[in-house]
């Protein structure tokens, strides 16, 4: 029996070593993405099953007033805290990496066996941290989640402007027609979807002034986008305005759908009952969206690109390793900022914690994800910030003519 146990242990260690070495030959970004995804799965599992265990830990169970929902939030926050520290420490280590001759380049791409152990230890250690430390992290996470959303907004603005510029540069009639058609379709979709929101979130016979305000504000902003973008004094285009309009309408929908399920103006979720399939679908959607956003933002050259890394490096395939085709990388500049990459995942850890814990002040059942008034206001304000930033990109050259804007 002992021989069999030894063989199993040896096989397990060999498998871990094989996986770790295999990761180093693939994209580091995919591996970090997988590690982050694993943290979300662990958070979800402990959120659903870890409350009884946390109740038995005296340094966590310090009051008889704690509810089951509080323990579930603690499980999510502590896993997120460990994940945040892992990526934050790496962000500090990677500051100043400009080319692949730097020893830290190999630390970023390799050593996955050590990384997995370090990540697991950090997550486990967070369950021995006093509640007051976790409370501080909880407060900071709300700001970190907001910063993560802000990064997504800036990336969206940058992507829409780049798409418009790339089509205009072709200087062919068919591309101008395509720009016009896409813009019209986006605006029709924006206002049609806004009309549907009136049906869903302004039920007949109910006083839903707040919901009406959110929806009408979204429609007004979409109209303002077009007016400002097409003004002769503004070097704008209808395509970015239409895309941002669709995004703001979508954000408005996500905000309204996060309203408490017993709120009479939430016409979509009048029942508190949540099926297992609905919960799993919502969780998978959350995981995939956060993973994609973090991967895209962390790999972007829009933010904090190293001085030796040209912006054109961002045109490489997103999931490539960042090293040259020859695999050596002698003296080659890194294609993205490693430090900023890890910062994005650290902020994404905070954002995911807020989603899975209902922004830590939800009065809903613990089986619901991303529901509550805090979530509503965060999303609605994200839409308004998006609108403000987009309008600023249009009028900034007029207000600051001596500045050069890219």
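Backbone N, Cα and C atoms are what each Cβ position is placed from, and that goes for glycine too.
Nobody curates TrEMBL annotations by hand; they come from automatic prediction.
Features reported for this protein in TrEMBL:
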- 30-46: transmembrane segment (TRANSMEM)
- 75-95: transmembrane segment (TRANSMEM)
- 116-137: transmembrane segment (TRANSMEM)
- 143-163: transmembrane segment (TRANSMEM)
- 175-200: transmembrane segment (TRANSMEM)
- 212-230: transmembrane segment (TRANSMEM)
- 237-256: transmembrane segment (TRANSMEM)
- 276-295: transmembrane segment (TRANSMEM)
- 300-330: region 'Disordered' (REGION)
- 313-330: compositional bias 'Basic and acidic residues' (COMPBIAS)
- 335-356: transmembrane segment (TRANSMEM)
- 376-400: transmembrane segment (TRANSMEM)
Winner by Cβ pairs under 8 Å against the transmembrane segment (143-163), considering only 30-46, 175-200, 212-230, 335-356: 335-356
Contact call for the transmembrane segment (116-137) and the transmembrane segment (75-95): at least 3 Cβ pairs under 8 Å, seq gap 6+: yes
Of 30-46, 212-230, 237-256, 335-356, whichever stretch has the most CB pairs under 8 A to the transmembrane segment (75-95): 335-356
Touch test for the transmembrane segment (335-356) and the transmembrane segment (30-46), at least 3 Cβ pairs under 8 Å: yes
Spatial neighbours of the transmembrane segment (237-256) far in sequence, C-beta under 8 Å, 6+ residues away: 156-157, 160-161, 163-164, 167-168, 179-180, 182-187, 189-190, 193-194, 197, 200-201, 211, 214-215, 218, 221-222, 225-226, 228-230, 266, 375-380, 382-383, 386-387, 390
